[in-house]
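Working notes, structure below.
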């Protein structure tokens, strides 16, 4: 039969509390709807699990910070961050039941996965500490993206794509955010 690699690698989100995400948003400049009712300044609407929480004036920096926290395991790795620039919306999801798939993290056009990570996985330990899949996620090497967030990132299908992106000298932002495990996995 046909092997469904994505089905083998995907996981279903179990859900996490939205309170830590909401508290973070409030600390990072989320303005209530009442505060911004008559403002003429362009703002981005912020939703958590479909509930309109308020607006934010610097969504690009907010998204960058939330993703950094997720990659450091300061917030759940299952939290989905979707910025819809056209609709001026930022949607965060912490709910259960979303299909998430793993992707390698790429920062500054460099794959976060290194040979040492592979060695640690094969050995099953790093300096005496158990090393498994979870450590790759918590260590910022792999991230889990749901279908909606996946539509907002640039994914390199092969290492060659990443290398070509690195070498490309154009004025268009073609930077890659994630890397595919294997093109056959899609």
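Every residue gets a Cβ built from N, Cα and C, even glycine.
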With TrEMBL as the source, identify the stretch among 141-163, 164-186 annotated region 'Disordered'. 164-186
Same-chain residues at least 6 beyond the ends of the domain 'RNA polymerase Rpb2' (133-173) whose Cβ lies under 8 Å from its Cβ atoms: 11, 13, 70-73, 77-78, 80-84, 91, 93, 98-106, 109, 111-113, 117, 120-121, 126, 179-180, 183
